[in-house]
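According to Swiss-Prot, the protein carries these features:
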- GLY9, ALA10, GLY11, LEU12, ALA13, GLY14: FAD binding site (BINDING)
Amino acid sequence: MNLKIRIIGAGLAGCEAAWQCARRGLDVELYEMRPVKSTPAHQTSDFAELVCSNSLKSAGENSAPWLLKEEMRRGGSLLLEIAQKTSVPAGHALAVDRGAFAAEVTRVIEAEPRIRVVRGEVTKIDENDALTVIATGPLTSDALSQEIARLSGNTHLYFYDSISPIVEADSIDMSRVYMAARYDKGTADYINCPMNKEEYDRFLDALIEAHSVDAKEWENLNYFEGCLPIEEIARRGRDTLRFGPMKPVGLTDPKTGRYPYAVVQLRQENLRADSYNLVGFQNHLKYGDQARVMRLIPGLENAKFLRYGQIHRNTYINSPTLLTETLRMKEHPNVFFAGQISGVEGYVESIATGQMAGMHVSTVAMGHEPVAPPRATAFGSLVNYICHAEAKHFQPANITFDLLPQLDEAARRKVRDKKERHRMVCEAALKEFDGWLATSQIFQ
């Protein structure tokens, strides 16, 4: 048995993987380069710092993100438990106070006696020495990226991701906005900034004319479609934003009794409710232009920005050529990958792959062969995608029903209602997941 386990990266995936190993009685070395060396996007030395949104997506029952979180919960996810404890109001979504979340993850991980935290940059990987989980995330350092390229035999793939601005709550003119949840589902947790056509056109023109941050390396940018900067969306057509992040449907303005022409939504950032982020407003405009354009939004005329939108490069491996369905390298079986560097996109997906990698590496450490989760589960569908997608055009993916197996033809003919179909898919997935957990993860 090889009981020596190293986990590189104390982000979402790395912390979850370390916890899964520790709860199975295994000793872990967890490496984190911050604060010795930071990244362009991180602001603290805390583990599991959320650098983009503070949302862990839908908590609505029988949605694909809900299914993935339910499997994680049944599998004993630490970070999901902490997310629930540090949640902030966000309608049908699970959003967290990002500071409280990262602080609590750090506290719990550092207090676990089986986890030894090592602060400093890892630049070399000995694939024959120890069982290793690489969970360094999309902002992996250059030196370690070169080492991963050596292991993988090829260069990394990448896309560009961007971050939304955050404003002080006290700087929002509440007389010009209203609280609501879309279609009045759940509690009215979002601040909604309504626009008429004239206001929208003025905002759009200013957005298109604004200047982006200059950087030679950002020529011919390759964006992740699920997180496009708003200026890129705007260039695709004058109404594109109104059918995207500024979609007004389901958000009745109490002053008019109608849907606005367009809406900007603000989501609470922390438990103190002293700051809000602009939902879906990731961008990489110059700060001066960004402030000028965002202050054209009704209610934000005097907004004070705690953080401006920005862009950063996200690195990931070509998983279909490199990994098995247990997140293990085909050519180097002592090495596992987890998190966004493995080719998933999203906080929850990163935690889930960390959870799986922790389970699998623990099984190997105890002298057994790991068993991949069933294809019918959200876990299984996620790893099926990253391991079997077309390698030539591989891009990171979120969990969606498109990744999960569809009902058979007879069931589809019998059940026409989309919500009922989704419920049936979730029910089947959880049944398969429970069976897999009971029979294959024997070292819980």
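Cβ from N, Cα, C; glycine included.
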Check: With a radius of 8 angstroms around the mean position of the C-beta atoms of GLY9, ALA10, GLY11, LEU12, ALA13, GLY14, what other residues of the same chain does the FAD site pick up?
Finding: ILE7, CYS15, GLU16, ALA17, GLU32, PHE47, ALA48, ALA135, THR136, GLY137, ALA338, GLY339, SER350, GLY354
Item checked: Residue, out of the binding-site residues ALA10, LEU12, ALA13, whose Cβ gathers the largest set of other Cβ atoms within 10 Å -> ALA13
Item checked: Conformational class of LEU12 (FAD binding site) under the three-state DSSP mapping -> helix
Notebook entry, point to check: For GLY9 (FAD binding site), which residues of its chain lie six or more apart in sequence with Cβ-Cβ distance below 8 Å?
Noted result: TYR31, GLU32, ILE134, ALA135, THR136, GLY137, THR140, GLY339
Check: If you draw a 10 Å sphere on the Cβ of GLY14 (FAD binding site), how many other Cβ atoms land inside?
Finding: 30
